[in-house]
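A short worksheet on the structure shown next.
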Amino acid sequence: MASITFREVEGSSLKYWMLFGGIGLFVLFGFLSYLYMHHHGHVVTGMDNQVVWGLPHVFAVFLIVAASGALNVASIASVFNKPMYKPLAPLSAILALALLAGGLLVLVLDLGRSDRLIVAMTHFNFTSMFTWNVFLYSGFFVLVGIYLWTMLDSSVKAYTKVAGTAAFLWRLILTTGTGSLFGFLIARALYGSAMLAPMFIIMSFAYGLAIYLLVLAASYAWTGRPLGDVVMNRLRYLLAVFVAAVLYFVVVYHLTNLYFAKMHGAEAFILRDGGDITTLFWVGQIVVGCVLPLVILLTGLGKQRSWVLVACVLVILGGIAQEYVTIIGAQAYPLEMFPGMTMKSTFYDGVVHDYSPSTPEWFLGLGGVAIALLITTFAVKVLRLLPVSLDDATVAKLEH
Amino acid sequence: MKSMTDNSPASPERRRFLGAATVAAGVTLAPGVMLVEVAHGRPEDQAASGAVRWGMLVDATKCASGCDECVSACSTENGWTPVAESKHPKQAPQWIRKLELQDPLTQQETNLPMLCQHCAEPPCVDVCPTGASFKRADGIVLVNRHTCIGCRYCMMACPYKARSLVHEPLNDTQKPDVPRGVGCVEACTFCVQKVDRGDGTTACVEACTKAGHNALVFGDMNDPESEISKRLRELPTKQVRADLNLNVGVRYHGI
Ligand code: SF4
Ligand code: SF4
């Protein structure tokens with residue numbers, strides 16, 4: 001097999017530092033938002049005792065799910081032994097680590113008592129999915145870290161496959177764990193479904209790959225390195241398959257729900273009567289997140305690189321909409337304590353809860369995205385993650 | 001966390017048997033001693049007893065429409081600001097609230113207070129990552145103020161929306177024996193400070209009785225001689241969301 005040269009990106013140019021500074025600004029805004037929320041309490045957010053998990057959770061869950069998905073490209077290379085994907089693997093691993101770090105940071109900074117993080121790391125309750133997730137996340141960092149090491153250090157190269165397989169299996173468990181955070185909540189009509197775990201896995205494939213493609217294309221364009229159509233097309237079709245699978249799962253999930261009479265109210269809320277939530281579902285999740293990207297990726301439009309990147313952006317936006325519908329939608333729909341009865345109280349029982357995220361919540365969420373990008377930007381500068389060239393000729397040599 | 005619950009008898013059958021056995025022993029060996037013990041409260045160095053299961057009976061047929069004596073008594077006893085006085089009503093904690101139900105077909109109305117049901121199988125305790133949510137041996141479900149990290153997972157898990165997050169720094173309405181704090185989750189404690197003092201009842205029950213409605217009864221559901229046990233034997237009662245099989249500590253009549 002032909003060998004590939006990896007090199008750090010040129011990181012002293014003005015362009016690099018402007019990018020770095022721009023992202024850094026968002027990190028700063030995120031941090032200031034955190035300080036503001038922490039000082040005043042959650043009263044300055046749009047969250048209340050009805051919608052208890054707000055926009056920060058939407059971003060956090062999206063990032064965590066995307067993190068495990070970003071590792072896919074590496075998995076295809078090491079686990080499934082596809083030589084073309086090998087040069088793509090290091091970036092995939094670092095993105096996975098960066099996205100997970102961003103997501104976790106948002107999750108942790110949104111705690112009512114974020115100052116008690118040490119409590120969360122010293123007191124464990126093993127009936128809680130959250131506790132399991134703490135271990136799943138730490139394990140992910142360790143395994144992907146080792147995997148990355150085997151790829152970068154030629155003296156341990158022999159272990160790449162083992163480390164890659166371990167990381168791959170772990171990421172499947174991790175996303176199952178994230179999905180189960182919701183799947184185990186019996187109280188909420190729209191959760192408590194075993195469908196959520198596999199659905200989260202397939203969603204992670206799509207989001208992770210979309211982010212990967214964007215970062216790959218951007219770094220090659222901005223550093224002036226050649227990126228051939230062979231790579232782009234492979235990833236483009238892979239993305240189309242993942243997006244189609246997401247659509248399939250979403251349809252099956254709602255169809256099975258519609259089968260149960262007790263779910264009719266909740267389903268009607270998401271699909272028809274939910275106002276903003278319904279709009280986000282149909283326009284955001286289905287049209288923007290699935291239908292449009294599929295059209296772009298599978299038609300002639302997909303032959304143009306800029307359209308592929310548009311499709312990636314749409315998949316990401318659709319993914320955020322999907323998490324919003326999943327997390328906020330299920331809380332906005334009132335708990336049914338007395339089925340068939342109308343309910344009234346000072347605690348907003350029986351009414352749909354509206355939620356509008358406040359500015360600090362937006363910036364906290366975006367701060368998580370920014371952290372992930374900042375880590376990636378820094379990593380490609382200090383580590384040899386990106387092949388010098390990915391033009392068609394270089395890639396063709398790998399396949400033979 | 002599990003090990004803690006394992007110390008106390010887990011199944012309702014076993015608990016009932018133990019409860020009956022203890023009471024029987026109390027009655028035959030030393031009449032009076034048992035009763036005195038329960039009535040006098042619990043010294044601080046003594047663990048809550050698994051022989052007791054505190055519970056509440058709500059007779060919805062007696063709960064008056066428009067009355068909120070129980071709610072204001074709770075807010076006074078436990079030091080949380082009444083919603084009407086709160087600047088942020090949607091974010092204000094509510095430990096107990098009045099629910100007005102109506103059957104859309106028959107127009108029949110029902111009034112009842114909703115509060116933490118002190119589930120024997122509490123989902124909030126299951127999901128709490130730090131073990132801050134816990135169930136005492138005597139069935140009271142509480143939040144440890146020192147280990148709650150405010151993740152709000154328990155609020156997502158509770159089927160009765162019984163829990164609230166303290167959204168803003170607290171003013172000076174706090175009570176010395178009811179610790180609260182911004183960023184932590186809280187809920188009805190069955191007035192644990194009163195119970196441990198030996199009052200044998202809660203603020204809401206006292207207020208309801210004083211107002212002459214007598215819709216609420218509090219007591220040890222394991223003691224066959226307690227008023228609540230007697231009433232529970234006579235009145236048909238239901239558990240809210242009985243489908244979840246949480247074996248709740250608050251039973252409703254007339255719903
Ligand atoms: S009613 Fe809610 S808060 Fe109370 S014990 Fe049950 S699950 Fe926990
Ligand atoms: S908010 Fe507090 S009590 Fe509730 S699950 Fe989280 S740590 Fe436990």
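The backbone N, Cα and C atoms fix where each Cβ goes, glycine too.
What TrEMBL says about this one:
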{"type": "TRANSMEM", "residues": "A:16-37", "note": "transmembrane segment"}
{"type": "TRANSMEM", "residues": "A:57-81", "note": "transmembrane segment"}
{"type": "TRANSMEM", "residues": "A:88-109", "note": "transmembrane segment"}
{"type": "TRANSMEM", "residues": "A:129-149", "note": "transmembrane segment"}
{"type": "TRANSMEM", "residues": "A:169-191", "note": "transmembrane segment"}
{"type": "TRANSMEM", "residues": "A:197-223", "note": "transmembrane segment"}
{"type": "TRANSMEM", "residues": "A:235-260", "note": "transmembrane segment"}
{"type": "TRANSMEM", "residues": "A:280-301", "note": "transmembrane segment"}
{"type": "TRANSMEM", "residues": "A:308-333", "note": "transmembrane segment"}
{"type": "TRANSMEM", "residues": "A:362-380", "note": "transmembrane segment"}
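If you count C-beta pairs under 8 angstroms between the transmembrane segment (A:280-301) and each of A:16-37, A:197-223, A:235-260, A:308-333, the highest count goes to A:308-333. Against the transmembrane segment (A:235-260), stretch A:308-333 shows more Cβ pairs under 8 Å than any other of A:88-109, A:169-191, A:308-333. Away from its own ends, the transmembrane segment (A:197-223) comes close to residues 9-10, 15, 19, 62, 65-73, 88, 91-92, 95-96, 99, 171-172, 175-176, 178-180, 183, 231-232, 235-236, 238-239, 242-243, 245-246, 249-250, 253, 305, 308-309, 311-313, 315-316, 319, 322, 376, 380, 386, 390 of its chain (Cβ-Cβ under 8 Å, at least six residues beyond either end). Contact between the transmembrane segment (A:362-380) and the transmembrane segment (A:88-109) is supported by 3 or more Cβ pairs under 8 Å, counting only residues 6 or more apart in sequence. Beyond its flanks by at least six residues, the transmembrane segment (A:88-109) meets 6, 30, 34, 37-38, 56-57, 59-64, 66-68, 70-74, 77-78, 117, 137, 140-141, 144-145, 147-148, 151-152, 164, 167, 171, 208, 211-212, 215-216, 219, 231, 364-365, 367-373, 375-376, 379-380, 383-386, 390 of its own chain at Cβ-Cβ distances under 8 Å. Stretch with the most C-beta contacts under 8 angstroms to the transmembrane segment (A:308-333), considering only A:16-37, A:57-81, A:169-191: A:57-81. With a threshold of 8 Å between CB atoms, the same-chain residues lying at least 6 positions outside the transmembrane segment (A:57-81) that come near it are 88-93, 95-100, 102-104, 106-107, 110, 137, 140, 144, 147, 151, 160-161, 163-165, 167-168, 171-172, 174-175, 178, 181, 200, 203-209, 211-212, 235, 319-320, 323-324, 327-328, 364-366, 368-369, 372.
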